[in-house]
Amino acid sequence: MAFMVKTMVGGQLKNLTGSLGGGEDKGDGDKSAAEAQGMSREEYEEYQKQLVEEKMERDAQFTQRKAERATLRSHFRDKYRLPKNETDESQIQMAGGDVELPRELAKMIEEDTEEEEEKASVLGQLASLPGLNLGSLKDKAQATLGDLKQSAEKCHVM
């Protein structure tokens, strides 16, 4: 209750005394901003420095993430022989040049590469055909080889 009375009456008293004081000089803007925050000037300056450092840190992390994404895009452009993008190259250079992909992204790329290599093989193509059973095909091939060996043993020319 006392807090509400103080805020309601206190604000009005400050307005009243401020207008009666006449030519009071409020000083520079930093000092009034520091006082408004309830800090001394030194504390306020330290706070501002800390804010600037945090912003620089966030910007650096953001630039790094952008460069990682650009590296990933350029990797896929190289892989699929697509034209290069200048903005991706500039983002990589802004981050310091040699940007490594995060482990998770590198792992995903490896898995994609393995899947594509598997699909590119003859067995991968056969496995993708519908209605084809590789087990029965293997059994038939082994039976055929067995028959050929038996017929070769019976042959007198060989």
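Backbone N, Cα and C define each Cβ position, glycine as well.
Look at Swiss-Prot and you will find 39-74 tagged as coiled coil. Model confidence over the coiled coil (39-74) stands at 91, taken as the mean pLDDT rounded to a whole number.
As annotated by Swiss-Prot, compositional bias 'Basic and acidic residues' applies to 23-33 (among others).
Marked as compositional bias 'Basic and acidic residues' by Swiss-Prot: 74-87 (among others). Residue counts of the compositional bias 'Basic and acidic residues' (74-87) by helix, strand and coil are 8 helix, 0 strand, 6 coil (DSSP-based).
In the three-state DSSP classification, Cys155 (S-farnesyl cysteine) falls within coil. Taken from Swiss-Prot, the feature S-farnesyl cysteine covers Cys155.
Residues or ranges marked as cysteine methyl ester in Swiss-Prot: Cys155. Other C-beta atoms found within 10 angstroms of the C-beta of Cys155 (S-farnesyl cysteine) number 8, with every protein chain shown included.
The feature region 'Disordered' is assigned by Swiss-Prot to 13-47 (among others).
Per Swiss-Prot, region 'Disordered' is recorded for 74-99 (among others).
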